[in-house]
Amino acid sequence: MAKPTQVLHLEPSVELTFKGPFTEVVTSHLRLHNPSDRIVYFKVKTTAPKYYCVRPNSGIMKPNETAVISVMLQPVDQASTLESERTKHKFMIQTAFANSTDTPVETFWKSADPQQVMDSKLRVHFVPGTESTAPSSSETVISDVKETTPVKAPSFGQDRDLQKETDLRRRVEHDKVNLERENRELRDRLEMIAKSAQQSGIEGMPVIQVFLIALAALLVGLILGKLF
């Protein structure tokens, strides 16, 4: 029994193009349109999951609805690596009709009849450049479905967090050095005040009283210094 023909209109319909540089994430967009009067479930699969992140990689399309799928090529060190594996990179868009949207996407595909599943295959093409196609703002993007990305997307805030942590550590070290220096200066000033107090005719006074007098004099000096 032959499989049914793909109901969705795909743009592009034959080949996904990715424009470099490939040392950063490169995004290509796939537009899906449901011209029928029935509900369609879809999912996107690839033969090279470690290279791509697809969002959303599955979902539900109502009659006459259009979805834009973002296919993100993960960074690679050398473009030659991609070119050598280009023929191995393919995508498949599988679809199937449904009577309602009540069934969760993952549950639907676990019980879908393989004989009723429609599919389309896309090749991949890598081109040097700096631009990638962008979705039209007038189209509806299906983004409120549960999805599982085939590869882990890079954490773009990781470098920022690391820099913040480094700056905080430097500030803590700087404050620690300043506190140690101020502590040494405080001890030296206390010793000088205590010696001055003893030389002013209060020898024989208990050490604790001499220390308290010196500390009080130091605090008065600090307060006056801040006031003036």
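Placement of Cβ uses the backbone N, Cα and C atoms for every residue, glycine included.
Note: TrEMBL annotation is automatic and uncurated.
The coiled coil annotation in TrEMBL covers 162-196. Per TrEMBL, the feature domain 'MSP' maps to 7-127. The annotation transmembrane segment is assigned in TrEMBL to 207-225.
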How many of the residues that make up the domain 'MSP' (7-127) does DSSP mark as helix, as strand and as coil?
23 helix, 59 strand, 39 coil
PLDDT averaged over the residues of the domain 'MSP' (7-127):
93
